[in-house]
Ligand code: PBG
(Lines of atoms letter the chains of each structure in order from A and count residues from 1; the text may use other names and numbers.)
(Lines give C-alpha, C1' and ligand atoms only; values in the text may rest on other atoms or scores of the structure.)
Protein backbone atom coordinates (compact mmCIF):
# COMPACT_ATOMS: atom_id res chain seq x y z
CA UNK A 1 0.00 0.00 0.00
CA UNK A 2 1.40 3.44 -0.88
CA UNK A 3 1.44 6.19 1.69
CA UNK A 4 -0.58 9.07 0.21
CA UNK A 5 -0.13 11.41 3.14
CA UNK A 6 1.07 14.79 1.96
CA UNK A 7 3.79 16.10 4.23
CA UNK A 8 4.36 19.82 4.82
CA UNK A 9 7.37 21.30 3.04
CA UNK A 10 10.46 21.10 5.26
CA UNK A 11 11.71 24.55 6.27
CA UNK A 12 15.13 23.93 4.68
CA UNK A 13 13.60 23.36 1.26
CA UNK A 14 11.65 26.63 1.14
CA UNK A 15 12.97 28.46 -1.94
CA UNK A 16 15.13 31.48 -1.24
CA UNK A 17 15.01 32.62 -4.81
CA UNK A 18 11.61 33.02 -6.41
CA UNK A 19 11.55 34.01 -10.11
CA UNK A 20 7.76 33.82 -9.96
CA UNK A 21 7.66 37.18 -8.12
CA UNK A 22 8.22 38.87 -11.45
CA UNK A 23 5.30 37.05 -13.03
CA UNK A 24 2.61 37.95 -10.54
CA UNK A 25 0.58 40.54 -12.48
CA UNK A 26 0.21 41.58 -16.10
CA UNK A 27 1.83 44.94 -15.26
CA UNK A 28 4.79 43.17 -13.67
CA UNK A 29 5.19 40.82 -16.62
CA UNK A 30 4.99 43.72 -19.04
CA UNK A 31 7.65 45.61 -17.13
CA UNK A 32 10.18 42.77 -17.21
CA UNK A 33 9.51 41.52 -20.73
CA UNK A 34 12.87 41.09 -22.47
CA UNK A 35 11.44 41.12 -25.96
CA UNK A 36 9.08 43.69 -27.36
CA UNK A 37 7.67 43.48 -30.83
CA UNK A 38 6.92 46.78 -32.50
CA UNK A 39 4.82 47.51 -35.60
CA UNK A 40 7.83 49.51 -36.81
CA UNK A 41 9.76 46.30 -37.40
CA UNK A 42 7.06 44.38 -39.29
CA UNK A 43 7.06 44.14 -43.05
CA UNK A 44 4.16 42.82 -45.12
CA UNK A 45 4.86 40.59 -48.14
CA UNK A 46 2.20 41.17 -50.80
CA UNK A 47 1.38 39.98 -54.30
CA UNK A 48 0.37 42.05 -57.28
CA UNK A 49 -0.99 40.10 -60.24
CA UNK A 50 -1.50 40.97 -63.87
CA UNK A 51 -4.85 40.55 -65.58
CA UNK A 52 -7.04 40.48 -62.49
CA UNK A 53 -10.18 42.56 -62.26
CA UNK A 54 -10.51 41.99 -58.53
CA UNK A 55 -8.32 40.57 -55.76
CA UNK A 56 -8.14 36.77 -55.73
CA UNK A 57 -7.77 34.96 -52.43
CA UNK A 58 -4.90 32.45 -52.28
CA UNK A 59 -6.51 29.22 -51.14
CA UNK A 60 -3.56 27.88 -49.17
CA UNK A 61 -3.11 31.29 -47.51
CA UNK A 62 -6.56 32.30 -46.28
CA UNK A 63 -6.75 36.06 -45.81
CA UNK A 64 -3.96 36.74 -48.35
CA UNK A 65 -4.66 37.86 -51.89
CA UNK A 66 -3.23 38.30 -55.32
CA UNK A 67 -3.89 42.01 -55.72
CA UNK A 68 -4.82 44.26 -58.58
CA UNK A 69 -2.91 47.51 -59.07
CA UNK A 70 -5.80 49.21 -57.38
CA UNK A 71 -6.10 46.94 -54.38
CA UNK A 72 -2.34 46.83 -53.79
CA UNK A 73 -2.45 50.61 -53.41
CA UNK A 74 -5.20 50.32 -50.83
CA UNK A 75 -3.28 47.63 -49.01
CA UNK A 76 -0.20 49.85 -48.91
CA UNK A 77 -2.28 52.71 -47.52
CA UNK A 78 -3.62 50.40 -44.82
CA UNK A 79 -0.08 49.27 -44.03
CA UNK A 80 1.07 52.87 -43.67
CA UNK A 81 -1.87 53.63 -41.44
CA UNK A 82 -1.06 50.60 -39.29
CA UNK A 83 2.41 52.01 -38.72
CA UNK A 84 4.27 48.97 -39.99
CA UNK A 85 7.76 49.20 -41.47
CA UNK A 86 7.02 48.45 -45.06
CA UNK A 87 5.75 46.25 -47.81
CA UNK A 88 7.64 43.61 -49.79
CA UNK A 89 6.20 43.24 -53.27
CA UNK A 90 6.04 40.15 -55.46
CA UNK A 91 4.74 40.19 -59.03
CA UNK A 92 2.61 37.62 -60.82
CA UNK A 93 2.88 38.18 -64.59
CA UNK A 94 0.58 36.63 -67.19
CA UNK A 95 3.44 36.20 -69.61
CA UNK A 96 6.46 34.09 -68.71
CA UNK A 97 9.50 33.13 -70.76
CA UNK A 98 12.80 31.25 -70.44
CA UNK A 99 14.69 34.16 -68.89
CA UNK A 100 11.84 35.97 -67.13
CA UNK A 101 12.09 39.16 -69.16
CA UNK A 102 8.91 40.69 -67.74
CA UNK A 103 10.92 41.14 -64.56
CA UNK A 104 12.83 44.14 -65.91
CA UNK A 105 10.16 45.44 -68.26
CA UNK A 106 9.14 48.88 -66.92
CA UNK A 107 5.60 47.94 -67.94
CA UNK A 108 5.85 44.56 -66.20
CA UNK A 109 3.37 43.95 -63.41
CA UNK A 110 5.87 44.10 -60.56
CA UNK A 111 7.35 47.38 -61.70
CA UNK A 112 3.89 48.82 -62.20
CA UNK A 113 2.98 47.60 -58.73
CA UNK A 114 6.03 49.29 -57.22
CA UNK A 115 5.18 52.56 -58.98
CA UNK A 116 1.54 52.35 -57.86
CA UNK A 117 2.51 51.76 -54.25
CA UNK A 118 5.15 54.51 -54.29
CA UNK A 119 2.54 56.83 -55.75
CA UNK A 120 0.09 55.89 -52.97
CA UNK A 121 2.33 56.06 -49.92
CA UNK A 122 5.49 57.88 -50.99
CA UNK A 123 8.11 57.52 -48.29
CA UNK A 124 5.65 56.62 -45.51
CA UNK A 125 6.47 52.94 -45.97
CA UNK A 126 9.70 51.24 -46.90
CA UNK A 127 8.90 49.85 -50.32
CA UNK A 128 10.84 46.68 -50.76
CA UNK A 129 10.66 44.35 -53.71
CA UNK A 130 11.58 40.77 -54.44
CA UNK A 131 14.45 40.59 -56.92
CA UNK A 132 14.20 37.07 -58.27
CA UNK A 133 13.03 35.45 -61.47
CA UNK A 134 10.97 32.45 -60.35
CA UNK A 135 7.63 34.23 -60.81
CA UNK A 136 8.70 35.31 -64.28
CA UNK A 137 10.29 32.23 -65.84
CA UNK A 138 8.32 29.62 -67.76
CA UNK A 139 10.19 26.83 -65.94
CA UNK A 140 9.78 28.43 -62.50
CA UNK A 141 13.45 28.41 -61.56
CA UNK A 142 15.08 31.46 -60.02
CA UNK A 143 17.42 32.02 -62.96
CA UNK A 144 18.27 31.26 -66.55
CA UNK A 145 18.96 27.64 -67.44
CA UNK A 146 21.91 26.00 -69.13
CA UNK A 147 21.36 23.77 -72.19
CA UNK A 148 21.11 20.76 -69.91
CA UNK A 149 18.57 22.37 -67.59
CA UNK A 150 20.65 23.50 -64.63
CA UNK A 151 20.34 27.00 -63.21
CA UNK A 152 23.17 29.02 -64.72
CA UNK A 153 24.62 31.19 -61.96
CA UNK A 154 26.70 33.60 -64.03
CA UNK A 155 24.17 33.99 -66.85
CA UNK A 156 21.55 34.90 -64.23
CA UNK A 157 23.51 37.68 -62.53
CA UNK A 158 23.11 40.28 -65.30
CA UNK A 159 19.38 39.53 -65.36
CA UNK A 160 19.16 40.28 -61.63
CA UNK A 161 21.12 43.48 -62.21
CA UNK A 162 18.64 44.60 -64.87
CA UNK A 163 15.70 43.67 -62.66
CA UNK A 164 17.07 45.56 -59.65
CA UNK A 165 17.73 48.70 -61.67
CA UNK A 166 14.21 48.60 -63.14
CA UNK A 167 12.78 48.23 -59.64
CA UNK A 168 14.79 51.18 -58.37
CA UNK A 169 13.59 53.19 -61.34
CA UNK A 170 9.98 52.22 -60.53
CA UNK A 171 10.38 53.58 -57.01
CA UNK A 172 11.63 50.81 -54.73
CA UNK A 173 13.54 51.94 -51.64
CA UNK A 174 14.96 48.46 -51.15
CA UNK A 175 15.62 45.57 -53.51
CA UNK A 176 15.81 42.08 -52.07
CA UNK A 177 17.61 39.44 -54.08
CA UNK A 178 16.23 36.05 -53.06
CA UNK A 179 17.59 33.76 -55.74
CA UNK A 180 20.69 32.47 -53.91
CA UNK A 181 23.04 32.94 -56.88
CA UNK A 182 26.67 33.32 -55.88
CA UNK A 183 27.87 36.91 -56.26
CA UNK A 184 24.39 38.42 -56.69
CA UNK A 185 24.81 41.16 -54.10
CA UNK A 186 28.01 42.56 -55.61
CA UNK A 187 26.57 42.56 -59.13
CA UNK A 188 23.34 44.26 -58.06
CA UNK A 189 25.16 46.86 -55.96
CA UNK A 190 27.37 47.78 -58.87
CA UNK A 191 24.45 48.00 -61.28
CA UNK A 192 22.43 50.20 -58.92
CA UNK A 193 25.36 52.52 -58.32
CA UNK A 194 26.13 52.70 -62.02
CA UNK A 195 22.56 53.73 -62.75
CA UNK A 196 22.72 56.42 -60.08
CA UNK A 197 20.72 54.56 -57.41
CA UNK A 198 23.36 54.75 -54.71
CA UNK A 199 20.66 55.30 -52.08
CA UNK A 200 18.63 52.21 -52.91
CA UNK A 201 19.38 49.60 -50.25
CA UNK A 202 19.85 45.85 -50.58
CA UNK A 203 18.11 43.43 -48.26
CA UNK A 204 19.93 40.19 -49.01
CA UNK A 205 18.18 36.88 -48.55
CA UNK A 206 21.42 35.48 -47.24
CA UNK A 207 20.61 32.26 -45.42
CA UNK A 208 17.74 30.95 -47.51
CA UNK A 209 16.96 27.28 -47.29
CA UNK A 210 15.43 24.87 -49.81
CA UNK A 211 12.33 24.64 -47.64
CA UNK A 212 9.07 22.76 -48.09
CA UNK A 213 7.51 25.55 -46.02
CA UNK A 214 7.46 27.70 -49.19
CA UNK A 215 4.69 25.41 -50.50
CA UNK A 216 1.68 27.76 -50.36
CA UNK A 217 3.74 30.59 -51.90
CA UNK A 218 4.02 28.62 -55.11
CA UNK A 219 0.26 28.94 -55.53
CA UNK A 220 0.42 32.58 -54.52
CA UNK A 221 2.69 33.42 -57.46
CA UNK A 222 1.38 30.79 -59.91
CA UNK A 223 4.86 29.29 -59.96
CA UNK A 224 5.42 26.69 -62.66
CA UNK A 225 8.35 24.93 -60.98
CA UNK A 226 8.73 21.21 -61.30
CA UNK A 227 11.42 19.68 -59.15
CA UNK A 228 13.18 21.69 -56.47
CA UNK A 229 15.75 24.40 -55.80
CA UNK A 230 18.26 22.28 -53.90
CA UNK A 231 21.10 23.14 -56.28
CA UNK A 232 20.98 26.79 -55.24
CA UNK A 233 19.07 27.18 -51.96
CA UNK A 234 20.70 25.80 -48.82
CA UNK A 235 20.32 22.39 -47.27
CA UNK A 236 18.18 22.65 -44.09
CA UNK A 237 20.85 20.58 -42.33
CA UNK A 238 23.43 23.35 -42.58
CA UNK A 239 23.85 25.95 -39.86
CA UNK A 240 27.47 27.03 -40.36
CA UNK A 241 26.86 27.47 -44.06
CA UNK A 242 24.11 29.96 -43.22
CA UNK A 243 26.76 32.10 -41.59
CA UNK A 244 29.12 31.65 -44.53
CA UNK A 245 26.45 32.86 -46.96
CA UNK A 246 25.62 35.80 -44.68
CA UNK A 247 29.22 36.95 -44.31
CA UNK A 248 29.72 36.78 -48.06
CA UNK A 249 26.67 39.00 -48.59
CA UNK A 250 27.91 41.47 -46.00
CA UNK A 251 31.28 41.59 -47.76
CA UNK A 252 29.55 42.14 -51.12
CA UNK A 253 27.73 45.18 -49.75
CA UNK A 254 24.38 44.03 -48.37
CA UNK A 255 22.72 46.70 -46.21
CA UNK A 256 20.56 44.16 -44.39
CA UNK A 257 20.57 40.38 -44.31
CA UNK A 258 17.79 37.86 -43.97
CA UNK A 259 17.23 34.36 -42.68
CA UNK A 260 14.39 32.41 -44.26
CA UNK A 261 12.22 30.59 -43.24
CA UNK A 262 12.04 31.93 -39.69
CA UNK A 263 10.47 29.61 -37.12
CA UNK A 264 12.39 26.45 -37.91
CA UNK A 265 15.67 28.33 -38.38
CA UNK A 266 15.89 30.30 -35.13
CA UNK A 267 19.34 28.87 -34.43
CA UNK A 268 20.62 30.25 -37.72
CA UNK A 269 18.91 33.56 -37.00
CA UNK A 270 20.48 33.76 -33.58
CA UNK A 271 23.95 33.02 -34.99
CA UNK A 272 23.56 35.69 -37.66
CA UNK A 273 22.23 38.29 -35.22
CA UNK A 274 25.18 37.72 -32.91
CA UNK A 275 27.70 38.14 -35.71
CA UNK A 276 26.73 40.96 -38.05
CA UNK A 277 26.58 44.69 -37.44
CA UNK A 278 23.77 45.44 -39.88
CA UNK A 279 20.01 44.87 -39.43
CA UNK A 280 18.85 41.26 -39.56
CA UNK A 281 15.50 40.28 -41.02
CA UNK A 282 13.62 37.00 -40.77
CA UNK A 283 10.86 35.86 -43.12
CA UNK A 284 7.94 34.00 -41.60
CA UNK A 285 7.01 32.17 -44.78
CA UNK A 286 3.80 30.97 -46.38
CA UNK A 287 3.93 27.49 -44.81
CA UNK A 288 4.36 28.95 -41.34
CA UNK A 289 1.32 31.11 -42.03
CA UNK A 290 -0.75 28.26 -43.46
CA UNK A 291 0.01 25.91 -40.57
CA UNK A 292 -1.14 28.31 -37.88
CA UNK A 293 -4.15 29.50 -39.87
CA UNK A 294 -5.37 25.99 -40.59
CA UNK A 295 -4.91 24.71 -37.04
CA UNK A 296 -6.66 27.83 -35.74
CA UNK A 297 -9.52 27.37 -38.21
CA UNK A 298 -10.05 23.90 -36.79
CA UNK A 299 -10.17 25.35 -33.30
CA UNK A 300 -7.09 23.39 -32.27
CA UNK A 301 -4.99 26.37 -31.22
CA UNK A 302 -5.61 29.92 -30.01
CA UNK A 303 -4.94 31.89 -33.19
CA UNK A 304 -3.97 35.25 -31.76
CA UNK A 305 -1.81 33.88 -28.99
CA UNK A 306 0.02 31.51 -31.34
CA UNK A 307 0.70 34.22 -33.89
CA UNK A 308 1.90 36.59 -31.15
CA UNK A 309 4.10 33.90 -29.66
CA UNK A 310 5.62 33.04 -33.04
CA UNK A 311 6.46 36.70 -33.75
CA UNK A 312 7.87 37.19 -30.26
CA UNK A 313 10.06 34.12 -30.69
CA UNK A 314 11.46 35.35 -33.98
CA UNK A 315 12.33 38.72 -32.45
CA UNK A 316 13.71 37.04 -29.31
CA UNK A 317 16.04 34.98 -31.51
CA UNK A 318 17.49 38.19 -32.90
CA UNK A 319 15.41 39.52 -35.79
CA UNK A 320 15.34 43.30 -36.09
CA UNK A 321 12.83 43.09 -38.92
CA UNK A 322 10.17 40.43 -39.46
CA UNK A 323 8.48 39.78 -42.77
CA UNK A 324 5.09 38.36 -41.92
CA UNK A 325 1.76 38.02 -43.67
CA UNK A 326 0.18 39.01 -40.34
CA UNK A 327 1.99 42.38 -40.25
CA UNK A 328 -1.08 44.62 -40.38
CA UNK A 329 -3.21 42.51 -38.05
CA UNK A 330 -0.39 42.07 -35.53
CA UNK A 331 0.29 45.82 -35.60
CA UNK A 332 -3.34 46.30 -34.57
CA UNK A 333 -2.89 43.97 -31.61
CA UNK A 334 0.37 45.63 -30.63
CA UNK A 335 -1.40 48.92 -30.22
CA UNK A 336 -3.50 47.22 -27.52
CA UNK A 337 -1.25 44.63 -25.95
CA UNK A 338 0.57 41.65 -27.30
C1 PBG B 1 11.68 33.38 -54.43
C2 PBG B 1 10.90 33.43 -53.17
C3 PBG B 1 10.18 32.39 -52.59
C4 PBG B 1 9.61 32.92 -51.43
C5 PBG B 1 9.98 34.25 -51.35
N6 PBG B 1 10.80 34.55 -52.44
C7 PBG B 1 9.90 31.03 -53.05
C8 PBG B 1 11.01 30.08 -53.24
O9 PBG B 1 12.17 30.37 -52.99
O10 PBG B 1 10.70 28.96 -53.66
C11 PBG B 1 8.77 32.17 -50.46
C12 PBG B 1 7.97 33.01 -49.51
C13 PBG B 1 6.97 32.25 -48.74
O14 PBG B 1 6.91 31.01 -48.77
O15 PBG B 1 6.18 32.92 -48.04
N16 PBG B 1 11.36 34.46 -55.26
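Along the chain as shown, the residues are counted starting at 1.
Here the Cβ of each residue, glycine as well, is placed from N, Cα and C on the backbone.
Given the structure is predicted, the values throughout are model-derived calculations rather than measurements.
On its own chain, residue 208 (active site, schiff-base intermediate with substrate) has 178, 180, 233, 234, 245, 258, 259, 260 as residues at least 6 apart in sequence with a Cβ closer than 8 Å to its own Cβ. Residues annotated as active site, schiff-base intermediate with substrate in TrEMBL: 208 (among others).
The Cβ neighbour count for residue 229 (5-aminolevulinate 1 binding site), using a 10 Å radius over every protein chain in view, is 20. Under DSSP, residue 229 (5-aminolevulinate 1 binding site) is assigned to coil, being neither helix nor strand in the three-state scheme. Residues or ranges marked as 5-aminolevulinate 1 binding site in TrEMBL: 218, 229.
Around the Cβ of residue 245 (Mg(2+) binding site), 23 further Cβ atoms fall within 10 Å across all displayed protein chains. Feature annotation from TrEMBL assigns Mg(2+) binding site to 245.
Taken from TrEMBL, the feature active site, schiff-base intermediate with substrate applies to 260 (among others). Within 10 Å of the C-beta of residue 260 (active site, schiff-base intermediate with substrate) we count 24 further C-beta atoms, all protein chains included.
Feature annotation from TrEMBL assigns 5-aminolevulinate 2 binding site to 286, 325. Look at residue 325 (5-aminolevulinate 2 binding site): DSSP puts it in coil. Its own atom aside, the Cβ of residue 325 (5-aminolevulinate 2 binding site) has 25 Cβ atoms within 10 angstroms in the protein chains shown.
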Which same-chain residues, if any, lie at least 6 apart from residue 218 (5-aminolevulinate 1 binding site) yet have Cβ under 8 Å of it:
225
Contacting recorded positions for ligand 1, chosen from 208, 218, 245, 260, 286 when the Cβ sits under 6 angstroms of any of its atoms:
286
Given residue 286 (5-aminolevulinate 2 binding site) and residue 229 (5-aminolevulinate 1 binding site), what distance in Å do their CA atoms have, once rounded to a whole number?
17
